[in-house]
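*Asks:* Take a look at what Swiss-Prot says about it:
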- 1-13: topological domain 'Cytoplasmic' (TOPO_DOM)
- 14-36: transmembrane segment (TRANSMEM)
- 37-87: topological domain 'Lumenal' (TOPO_DOM)
- Asn87, Tyr146: (S)-warfarin binding site (BINDING)
- 88-102: transmembrane segment (TRANSMEM)
- 103-107: topological domain 'Cytoplasmic' (TOPO_DOM)
- 108-135: transmembrane segment (TRANSMEM)
- 139-160: transmembrane segment (TRANSMEM)
- Cys142, Tyr146: phylloquinone binding site (BINDING)
- 161-176: topological domain 'Cytoplasmic' (TOPO_DOM)
Amino acid sequence: MAAPVLLRVSVPRWERVARYAVCAAGILLSIYAYHVEREKERDPEHRALCDLGPWVKCSAALASRWGRGFGLLGSIFGKDGVLNQPNSVFGLIFYILQLLLGMTASAVAALVLMTSSIVSVVGSLYLAYILYFVLKEFCIICVTTYVLNFLLLIINYKRLVYLNEAWKRQLQPKED
């Protein structure tokens, strides 16, 4: 017996709009964070727009050891290793991946979206811990990306539940 063919299922409009808004914000914040990191490398005295006071300094957090490779990849692959990129590069890749995979309603895409969201939230919790307890700073850019990652987790969870229900309805035997 052949496997059942699932009809095309579309996601709700609110999900697409929310995903585009969150991913667009994430992409823009990642680009800005990358800019701040580069400027801080070029000029250590550079004051970014997100440096609002003595306790609110995004450039200090972004230029710290934990601003590259999550503070982990440098010790594994070397400070100049190809994988020891600024966290903003990983964020940019993540938000673009979320945006592109969000355009399809496949089961594999939904699982990749959910898995990558879980990883991003775990990473956000780790970086939030570093930000608060180690660096003792408040980075508005960082915290905003943590919130965006959590919102994407919710959006992806809702998508998985919605698609699962739609596919279940398609697979149920039709009663005449």
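Note: Cβ is positioned from N, Cα and C throughout, glycine not excepted.
Looking at the shown structure, can you explain where the listed features end up?
*Replies:* Across the topological domain 'Cytoplasmic' (1-13), the prediction's mean pLDDT works out to 64.
In three-state terms derived from DSSP, Asn87 ((S)-warfarin binding site) belongs to a helical segment. For Asn87 ((S)-warfarin binding site), the same-chain residues 6+ apart in sequence whose C-beta sits under 8 angstroms from its C-beta are Ala33, Leu62, Trp66, Gly67, Arg68, Gly69, Phe70, Leu127.
Tertiary proximity for the transmembrane segment (88-102) is limited to same-chain residues at least six positions away from its ends with a CB under 8 Å from its CB atoms, namely 15-16, 19-20, 22-24, 26-27, 29-31, 33-34, 37, 62, 70, 109, 112-113, 116-117, 120, 145, 148, 152, 156, 159.
For the topological domain 'Cytoplasmic' (103-107), the residues of the chain that approach it from at least six positions outside its boundaries are 8-11, 163, 167, judged by C-beta separation under 8 angstroms.
Here the transmembrane segment (139-160) has Cβ contacts under 8 Å with residues 11, 15, 18-19, 22-23, 25-26, 29-30, 32-33, 36, 50, 52, 56-58, 60-62, 91, 95, 98, 102, 110-111, 113-114, 117-118, 120-121, 123-125, 127-128, 131 of the same chain, all six or more residues outside its ends.
Sequence-distant contacts of Cys142 (phylloquinone binding site), defined by Cβ-Cβ distance under 8 angstroms and a gap of at least six in the same chain, are Ala33, Cys58, Ala61, Leu62, Leu127, Ala128, Leu131. According to DSSP, Cys142 (phylloquinone binding site) sits within a helical segment.
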*Asks:* For Tyr146 ((S)-warfarin binding site), just count the other CB atoms lying within 10 A of its CB, please.
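*Replies:* There are 19 of them.
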*Asks:* Using DSSP, what's the helix, strand and coil tally for the topological domain 'Cytoplasmic' (161-176)?
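*Replies:* Counts, helix then strand then coil: 11 helix, 0 strand, 5 coil.
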